[in-house]
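Student: Handing you a structure now.
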Amino acid sequence: MANVFVNINDLSNQELLSMIHQALLFKSGQFIPVINRQVVANLFFENSTRTATSFQMAEMKLGYQRIVIDPNKSSATKGESLEDTLKTLKAIGIDTIVIRHSLRDWYQPFYEMAGKEVPKLVNAGDGNGQHPSQSLLDLMTIVEHFENFVGLRVRIIGDIYHSRVARSNAEILNRLGVEVTFSGPKEWQDQSLEQFGSFVGIDKDLGKQDVIMLLRVQHERLTDEENQDFTIDKYHEDYGLTQDRYRKLKSNAIIMHPAPVNRDVEIDSDLVESDKSRIFQQMKNGVYARMAILNSLTIPSLISGVGK
C-alpha cells in the first residue's frame, strides 16, 4: 500500500481504522505534519468539484507543492497513452499523482511501477469501479456519529449500477460487519453486488436503517433511451427520500450523499440541510480523509502506528 491508494478494499482492517483515526486527528487539529519538497499532480479526466477541490485543499494543508494538469491541454489529446503520461511526469519529478479517469481499473497495469517508473498513485475515481477516497470519508462520517460499524444497517438507494461509490462502500461496509441493503430501479441494479447485500424495496424496513446513503442519478452514464424515459417526479416518488419517508426514519439515523445532489430528485430539497443530514459534513471530512491518504503515501509509518 505504500505506493498506491487505489481501492479501499486493499487495506487491512487495522490500516483502515488507523487511517480513519488519523483523519479525525487532522480534523481536530492535533496532528498536521509538514511535507517538504514533495510534488503532487492532479489529473482529472472527468469533471469534479468536491473531490478535486478537497484533494487540492488537503495538499495545501500538508504543505505539498501542487500542479494541476488539464487533460484537454495535455498530450493525451495527441494520443499519448496514460502509461507514457505517467512515466513522463515521474521523469519530470512528480512524486505523487491523483487521477480520476472514466476507464474502470485504469490503475491495474501500474501497481508494480508506482513509486519507481511512475509516480505514487491515488485513485480519485475510475469509471463505475472504485471511489476509495469517498469511501474513507464516508466511513469517517459514520464513525463520528456511531463510533463503530458492527451491527449497523446501511441502505444504499439510487443508481446502483453506474455508481463507483456503491461498489466501494458496499464491499468495505460488509467486511466491517455492516448489514447492507440496496434499493433502486430494477434496471440499475448490479447483480455482482449481491454478495455484499440484498436488493429490497425502498420502503422495506426503512425505519430500521441507521444510515440512508443516497446516490445521484448519473445521466452522463445513461443511454439516450434511458435519459428519455427518465422523469424527475416519477423517480422522486418511487426512490427519493421524501418527507413521508423521512418521518419513518429512526431518531438517530443519518442521511448521506456523495454529491452533487439533485434536489427534489434523490432527496427532498428541504432535507438536504435537515438535522439527520450529514451531506455537508461529508464534504468537510473529505479534506481530512484525503490528507490521511496522501500522508499514508509520504510517511507510511505514521499510518501503521496511529491508533494502535
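Each residue, glycine too, has its Cβ placed from N, Cα and C.
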Student: Out of R100, R175, which is the one Swiss-Prot records at the carbamoyl phosphate site of R50, T51, H131, Q134, A259, P260?
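Tutor: For the carbamoyl phosphate site that includes R50, T51, H131, Q134, A259, P260, Swiss-Prot also lists R100.
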Student: List nothing but the largest Cα to Cα distance in Å, as a whole number, among the residues R50, T51, R100, H131, Q134, A259, P260 that the record says bind carbamoyl phosphate.
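Tutor: Among the residues the record ties to carbamoyl phosphate, max Cα distance equals 16 Å.
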Student: For carbamoyl phosphate, what surrounds R50, T51, R100, H131, Q134, A259, P260 with a Cβ no more than 8 Å from their Cβ centroid?
Tutor: S48, T49, A124, G125, V165, P258, G286
Student: Report the largest Cα to Cα distance, in Å and rounded to a whole number, among the residues K78, R164, R216 that the record lists as binding L-aspartate.
Tutor: 33
Student: Reported as an integer number of Å, what is the Cα distance between A259 (carbamoyl phosphate binding site) and R216 (L-aspartate binding site)?
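Tutor: On Cα coordinates alone, these residues lie 7 Å apart.
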